[in-house]
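A.B. asks: If you scroll down you'll find the structure; I have some questions about it.
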Amino acid sequence: MTRKVNLLKNLDWWTIFLYVLLVFLGWINIYAAVYNEEHQSIFDISQRYGKQLMWIGAAFFLAMVILLIEGKFFSAFAYPTYLLMIFLLIAVLIFGREVNGARSWFEIGGIRLQPAEFAKFATCLAISRYISQFNFKIHKFKSLFISGVILFTPAVLIILQRDAGSALVYIVFILVLYREGLSGVALFVGVLAAVLFIITLLMPELYVLLIILAFAFISLKFIGTRWKQVGIGVTAILIGFALVWGVVQVMELKLSAYTILNLSIALNFIPFLYYIYKERLKHAIWVLLIAVGSLFFTFSVSYLFENILESHQQERINDLLGIESDPSGAGYNVAQSKIAIGSGGFAGKGFLNGTQTKFKFVPEQSTDFIFCTVGEEWGFVGSTAVLIFLMSLIIRLLFLAERQRSPFSRIYGYGVACILFFHLAINVGMTIGLAPVIGIPLPFFSYGGSSLWAFTILLFVFLRLDANRLELLR
Amino acid sequence: MNNFSNRKYIIGGIFILVVLIFIIRLFNLQIIDDTYKLSAENNSQRQVTQYPARGLIYDRNGKLLVYNQAAYDLMLIPKQLDVFDTTDFCQLLGIEKLELIKGIAKAKRYSYRKASIFLKQLSSERYAVLQEKLYKYPGFFVQTRTLRKYPLNSAAHALGYLREVTNQEINSDPYFRQGDYIGKSGIERMYEKELRGEKGVKIYWVDVFNRIKGSFRDGKFDKQAVSGKNLHSSLDIDLQQYGELLMQNKKGGIVAIEPQTGEILAKISSPGYDPEMFVGRAMNKNYQMMVQNDSLKPLFDRTMLALYPPGSIFKLVNGLVALQEGVISPSTRFECQHGYHAGNFTMKCHAHSSPLDLRQAVQQSCNAYFANVFRYTLESPKFGSVQNGYTKWRQHVISFGFGDKLGVDIQNEKSGSIPTNEYYQNKYRTNWRALNAISLAIGQGELQITPMQMANMVAAIANKGYYYIPHIVKGVGEDNYLDNKYLEKHYTTVDSSHFTPIIDGMEMVVSGGAGSTGTLAAVKDIRVCGKTGTVQNSDEADHSVFVAFAPRENPKIAIVVYVENGVWGGRYGAPISGLMIEKYLKGEIAESKKWIEKRMLEADLINQVAAPSPGVVE
């Protein structure tokens with residue numbers, strides 16, 4: 001009996017309150033998104049709101065079951081859970097059912113489950129368990145490598161299901177690693193990669209190259225290289241360019257300025273290394289390596305984009321970056337979504353009064369674009385409130401994570417917060433045109449049993465761990 | 001403890017920063033930026049479907065058969081309704097107040113927010129008055145549609161008609177919305193996809209008074225309607241109308257085909273109806289009337305749905321099969337003693353000289369001759385048994401396009417039937433005798449053939465052994481597209497060399513002097529080849545059939561005329577065929593034949609006033 005009293009006392013009721021509030025608001029908006037006059041009973045399970053109500057009930061039940069499980073269980077069974085999940089991800093590739101081009105669903109007796117949603121939970125457990133091990137050293141290659149394997153295995157399997165959106169979530173674990181001591185350089189590289197990625201797609205390749213060169217030389221100056229030395233570098237590149245250009249002219253080859261400039265850089269690579277060594281320019285070696293690394297990165301982005309991405313993914317990314325803007329084509333969703341949200345104004349049009357949503361302008365209204373309904377019917381006030389509720393939940397989770405005594409619980413808590421944050425950022429970002437259209441759900445809001453259950457499990461396992469926090473002595 | 005505890009501020013900071021950016025963006029979208037927002041009173045948009053013009057239909061000479069006229073549907077969105085002057089409104093529309101109340105209730109039942117049709121097909125006068133005052137009645141607006149118009153009031157069966165889509169059709173084809181029209185028969189149905197074009201949509205902002213405030217986002221999301229493709233029918237509308245005239249007050253059908261292409265020149269089912277009856281608000285009433293109250297079944301397409309025994313015209317095929325199998329030669333002669341006698345069996349024939357050769361037998365339509373031909377074919381020793389012989393015979397017959405749907409580009413087509421060997425084995429015994437099926441020799445008995453198939457047979461004979469699937473559309477759209485299946489030759493199993501004696505006989509039917517059975521089909525200066533048929537009827541007068549093609553060299557028209565209860569082939573079939581051929585090839589009827597024309601026009605078989613016998617011996 002005592003344990004139960006303790007459990008209730010130690011549970012974080014703030015989080016539970018926010019969870020219930022968000023689930024409730026989500027359901028209201030699903031109701032509005034699919035509302036029509038003919039089906040007015042909220043229990044009508046032929047309608048999505050009726051089904052969601054069932055799933056919410058099941059989610060509450062799941063939450064209670066999780067709270068009754070001993071907290072140590074989760075840490076002990078982290079790896080078996082993870083392995084089972086990997087097995088399911090493979091199985092779905094073979095036996096799964098294809099919906100909208102993605103083979104990521106199991107169908108059991110009319111209910112469809114999406115293992116990718118639950119894989120986030122399993123991976124979060126496994127990575128927490130791994131990092132919290134005594135012999136984990138963040139700077140050791142082996143530790144980082146195994147972390148990478150734990151994170152990328154499910155991601156790759158999910159990409160194979162053609163559900164690139166759900167796979168991207170695993171990127172967010174870099175923040176968890178950062179919290180646990182990953183060098184800030186990793187974050188810097190991450191940001192650099194994102195910037196390069198965008199400019200590679202936005203600009204002609206020659207400009208990208210020039211920008212990288214310009215940045216390289218400017219940063220050389222900033223880290224204390226003398227003007228003369230920078231000048232020598234620039235001159236060397238120019239001479240190389242002139243030489244290659246001359247050869248190309250003589251041999252009547254058809255090469256672009258971009259290729260010639262690349263050849264010039266390649267020619268200068270060894271001389272630069274030698275020069276840096278001779279002049280003892282310790283920091284310049286990093287600049288050189290980062291610049292060359294960036295070049296290779298932009299090559300691979302171009303290659304990846306042209307050859308690996310599906311055409312609809314290319315279009316969506318292009319559209320986000322303002323390339324080939326076509327409001328009736330790939331950009332249609334986002335354009336309609338922005339209109340719906342924008343038309344909400346300050347206070348919104350009121351419950352069930354959204355015209356954009358009613359006339360089905362916005363596709364995937366109750367799943368990926370549920371935020372449109374919020375924006376249209378509840379206006380700036382409502383959408384900001386929803387953002388703040390979600391944000392409060394996430395920050396509350398950070399706070400709870402920080403008060404854990406066990407590293408496992410702390411890391412897991414960070415994992416939960418980061419996953420929720422990534423979903424929030426991408427999902428809301430895409431509806432307001434700030435992120436690419438990647439079909440991932442808004443936590444607790446979007447229609448769908450799998451995602452609701454997965455987020456519920458994710459959250460309540462952490463609450464269970466948190467309720468146990470006092471058992472472990474510092 | 002943990003060295004990196006301070007990093008929680010960086011991570012938390014990133015989270016909060018992103019959400020702040022989102023809130024700023026939302027502030028911008030929802031409050032600052034007007035392009036996404038509407039002022040409070042201007043908060044409704046209307047999607048107006050742009051209906052494409054349906055494709056026009058021309059005849060083979062470019063005469064317009066079907067075009068579009070504007071019609072105006074009054075639409076209603078119940079949600080936008082407000083208090084209004086109902087008396088004035090009812091007066092404006094010419095309806096009772098009860099109708100108004102019912103109409104609104106019906107629209108609400110359909111959908112509270114979506115537009116539905118309140119009143120169909122307002123006249124343009126009413127529309128003009130209404131348009132001025134519509135602003136007083138929020139919730140109502142007018143949607144323009146097109147209706148069909150048939151300037152020549154002809155060829156109803158061939159052209160078909162449009163009807164409002166049913167719920168089932170809406171569910172099976174997402175293109176359709178309530179109130180749309182779909183081709184229900186004839187060309188309109190078969191070429192529905194080509195004719196209908198593609199709907200567009202215009203999106204407007206409308207204010208609370210339902211006045212259009214302008215294009216939504218400068219028309220960025222509008223879609224232009226794409227007009228349907230125009231279509232050239234193969235019909236010669238002059239010939240068609242002339243045929244309809246000749247068939248007035250008679251039951252039956254005419255099909256005329258251009259043998260060199262398979263194009264249908266005329267297709268008349270009588271009695272027919274005026275296509276205009278199926279346009280507009282009167283349609284349902286007229287339709288009910290025709291289906292329920294008209295015993296003559298004007299909607300029934302007798303050219304393709306009526307199954308008739310062919311009668312003596314079938315002797316042509318029997319002769320050709322026998323020649324192909326080598327069981328007779330053109331000079332083979334058979335006795336005829338007022339009929340064919342075998343044991344107790346007798347098949348009667350009319351009085352004529354005897355014996356006859358093949359050409360004469362065709363000319364004089366000798367029953368005994370073809371009974372012999374049929375028996376010789378089935379009993380030929382080279383087949384081993386009558387059953388094998390029959391199976392071979394049936395293969396030849398089917399190659400003329402009998403026994404199955406031809407594949408005409410008009411949906412409703414019956415396949416007809418040529419009985420199988422198994423049929424006779426079930427009916428008689430396993431080793432049945434040729435005499436059991438002897439009525440097939442003269443085109444009677446179990447044969448079921450549509451006039452379309454008969455016309456196709458004549459076309460195949462005119463071409464000496466091949467036909468194109470008859471089709472009523474010459475080409476669709478600007479590039480005159482036509483399905484490849486209509487450009488393919490279908491060969492009969494009879495070699496072209498065997499057709500000459502049969503065609504000789506057919507020419508003699510029309511202009512062979514004494515003993516000819518179809519002299520009234522003759523046309524001056526044109527070598528017409530024909531064949532009469534008289535189809536026995538147990539309780540009514542016999543049917544009159546005539547098939548013909550002309551000119552003999554380089555045939556331009558192949559025709560069948562089937563007149564129910566027309567007594568015998570020479571009486572109506574032959575003269576009407578002759579008139580049709582003359583009309584098509586010469587453009588007008590010679591003075592010397594006006595008496596025949598007059599007699600045919602005046603004949604009224606439906607009210608049982610038979611024309612006097614023209615006094616020609618069959």
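Using N, Cα and C of the backbone, Cβ positions are placed for all residues, glycine too.
Nobody curates TrEMBL annotations by hand; they come from automatic prediction.
Just so it is clear, the model here is predicted, and its values are computed rather than measured.
Sharing the features that TrEMBL gives for it:
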| type | residues | note |
| --- | --- | --- |
| TRANSMEM | A:12-32 | transmembrane segment |
| TRANSMEM | A:52-69 | transmembrane segment |
| TRANSMEM | A:76-96 | transmembrane segment |
| TRANSMEM | A:143-160 | transmembrane segment |
| TRANSMEM | A:167-200 | transmembrane segment |
| TRANSMEM | A:206-223 | transmembrane segment |
| TRANSMEM | A:230-251 | transmembrane segment |
| TRANSMEM | A:257-277 | transmembrane segment |
| TRANSMEM | A:284-305 | transmembrane segment |
| TRANSMEM | A:378-399 | transmembrane segment |
| TRANSMEM | A:411-438 | transmembrane segment |
| TRANSMEM | A:444-465 | transmembrane segment |
A.B. asks: Using Cβ atoms and a strict cutoff of less than 8 Å, what residues sit near the transmembrane segment (A:284-305) while being 6 or more residues removed from its termini?
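C.D. replies: For the transmembrane segment (A:284-305), the nonlocal Cβ contacts are 192-193, 196-197, 200-201, 205, 208-209, 212-213, 215-216, 219-220, 223, 225, 229, 262, 265, 269, 272-273, 276, 314, 317.
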A.B. asks: Suppose I define contact as three or more CB-CB distances under 8 A, residues 6 or more apart in sequence; do the transmembrane segment (A:411-438) and the transmembrane segment (A:167-200) meet it?
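C.D. replies: Stretch pair touches.
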A.B. asks: May I ask which of the stretches A:12-32, A:52-69, A:206-223, A:257-277, A:444-465 has the most CB pairs under 8 A with the transmembrane segment (A:167-200)?
C.D. replies: A:206-223
A.B. asks: Which listed range (A:12-32, A:52-69, A:143-160, A:206-223, A:230-251) shows the maximal number of Cβ pairs under 8 Å with respect to the transmembrane segment (A:444-465)?
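C.D. replies: It is A:52-69, which has the most Cβ pairs under 8 Å.
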A.B. asks: Using a Cβ cut-off under 8 Å, which residues of the same chain at least 6 positions beyond either end of the transmembrane segment (A:230-251) come close to it?
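C.D. replies: For the transmembrane segment (A:230-251), the nonlocal Cβ contacts are 213, 217, 220-221, 260-261, 263-265, 267-268, 271-272, 275.
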A.B. asks: Apart from its near flanks, which chain residues at least 6 from the ends of the transmembrane segment (A:52-69) lie with a Cβ under 8 angstroms of it?
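C.D. replies: Counting only partners 6 or more residues beyond its ends, the transmembrane segment (A:52-69) has Cβ contacts under 8 Å with 7, 11, 23, 26-27, 30, 42-43, 45, 447-449, 452-453, 456-457, 459-461, 463-464, 467.
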